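> Mind looking over this structure? Questions follow.
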Amino acid sequence: MDDSDHEKALAPQQSVDMKYGDTASFDQDALKLAEMGYTQDMQRNFSVFSVLGVGFSLTNTWFGISAALVTGINSGGPILVIYGVILIALVSVCVGITLSELASAMPNAGGQYFWANELAPKRFANIASYLTGWFAWTGAMFTSASVALAAGSAIVGSYQLTHPDLVIDRWMVFVAYQLVNIICFFFNCYGKTLPKVATVALWTSLISWFITMVTVPATAPTHQHAKFVFATFINNTGWQQGGIAFIVGLVNTNWGFACLDCATHLAEEVHRPEKMIPIAIMGTVGIGFVTGWFWSVSMFFSIVGDFQEIVATSTLVPILELFYRAIGNKAGAVVLEAMIITTAFGCLIASHTWQSRLCWSFARDRGLPGHQWLSKVHKGLDVPVWGHLVSCVVVAIIGCLYLASLTAFNSMITACIVLLYISYAIPVICLLVRGRSNIKHGPFWLGPIGLVSNYVLLAWTLFTFVMYSFPYVYPVEAGTMNYVSAVYAVVIIIIAVDWTLRGRKSFRGVGERKSDVSEVVDVVRRASVVS
């Protein structure tokens, strides 16, 4: 197939309407999906609000900051968080605009891997799509691992606060990690309840945010002055350059704005996704900034006592120690921490939803080993059960690394951010090479603003890939090294082996998908008539 044929394959299937006449009586969303070469396997149970619930519950900026609020500011102090949130929010607006434009133009559960396949030059389309799908899926599972660890640490820390004789061992957090992962697994086993779960998780997060943000400063016996909150720079990293210290600490704040592609992978479970998905993405960024920034300011004003003692708390959960010192009551501190733990459960449930959709959609195009099972949707449960199960099992296996090396595990948290950015960057590069004016635009399209956003995303991806690989502290030792480069190497090796042995022959690219369009559209037409 030459380039002209490839262009024809990517063009909208105008012949469909000519063949079948007026399609108003058909499911328009299913028909558009069929024109991409896919059948409607999932029911469209989500509303725009529940999609927003999944998107924000996963990103959950204020929760992400709570998990790293004090430990992260050893690399920059309050300045890192207060102004870092603003910086990352501005970058996330550009990321959100970029994802929203592509999701509006090509709404598909595959998200970035699908866009890469559609937009890349013919000879690079399959490998670009394949790499993007793998980076996105591994990034999602690393994200789930980081959330499960945050929740597990909070649970064990809360128990230790009320049992001060307990000395926390790593295996205790590991057990809590696995229990949290298992419990959240079951919430994604029945598709019809997921929209309600997402909505409840959204409100739980917002209510918990408001209660903690108001209660802590209201009950604190003393408060920090404004100079500490807005103008204090702390550098306990060993790096002589303050800028390097700020950057290596920025990864903690960046974690609170990660995973913005989540809503795009629900494109086949919501009506009019070309309009609803951009609303959910941009809403996630907006709510994330408001909740994250005001919560951070509130917590910094509420720090009581020696800052370093809070960092060195025996609970291993600095935000819990901050609560305890502000309230002066262990039970009250545990109650507030329970709100964060509940929010963490909602975050992990959303992350499971996200990673399972990534696995399932990528497997539809034979992008993963075992795609025969991973691509199946259970008709009764209306969820990709195997994709969900395998993803959660991998998250459980990743947790085992925590027992071996906390430093190596933390490197995967960094990897989850950078791998996701790379998965966004690949289709954006393909878009710019192809030409933004050479694709059919969706309802959400911002023209020059979108172009600037594309370049900001690419620049930030390159920045994070380089700078987030720096060691967290200096001088560098084996126990303090940033092993994120090793994580990248392992991921690349797995991808290379699978591509060589299986993927390059079996992966279903744009040419094969488009050749199946007429057959798929006919299936949708008959199903619509029967309905």
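Please read every residue number as a count from 1 along the shown chain.
The backbone N, Cα and C atoms fix where each Cβ goes, glycine too.
Per TrEMBL, transmembrane segment is recorded for 46-73, 79-103, 124-151, 171-190, 197-220, 276-295, 333-354, 385-405, 411-433, 445-468, 480-501.
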> What residues elsewhere in the chain lie close to the transmembrane segment (385-405), defined as a C-beta under 8 angstroms and at least 6 residues from its ends?
137, 140-142, 144-145, 148-149, 170-171, 173-174, 177-178, 181-182, 185, 188-189, 352, 355-360, 363, 370, 373-378, 412, 483
> Of the listed stretches 46-73, 445-468, 480-501, which one has the most C-beta pairs under 8 A with the transmembrane segment (124-151)?
480-501
> Same chain, outside the transmembrane segment (197-220) by at least 6, Cβ under 8 Å from its Cβ: which residues?
46, 49-54, 56-57, 60, 62-63, 187, 287, 291, 294-295, 298-299, 301-302, 304, 322-323, 325-328, 332, 336, 339-340, 342-343, 345-347, 349-350, 353
> Counting only residues 6 or more past its boundaries, what in the same chain has a CB within less than 8 Å of a CB in the transmembrane segment (171-190)?
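Cβ under 8 Å, 6 or more out: 144, 148-149, 151-153, 155-156, 197, 316, 344-345, 348-349, 352-353, 356, 381-383, 385, 388-389, 392, 395-396, 399-400, 402-403.
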> Sort out for me which stretch, of 46-73, 79-103, 276-295, 411-433, has the most Cβ pairs below 8 angstroms to the transmembrane segment (333-354).
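Stretch with the highest Cβ contact count: 46-73.
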> Can you tell me which parts of the same chain pack against the transmembrane segment (79-103), counting only residues 6+ beyond its ends and a CB-CB cutoff under 8 A?
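Residues 61, 65, 69, 72-73, 111-112, 115, 229-233, 246, 249-250, 252-254, 256-257, 260-261, 263-264, 267, 273-274, 277-278, 281-282, 284-285, 288-289, 292-293, 296-297, 300, 421, 424, 427-428, 431, 441-442, 444-446, 449-450, 452-454, 456-457, 460.
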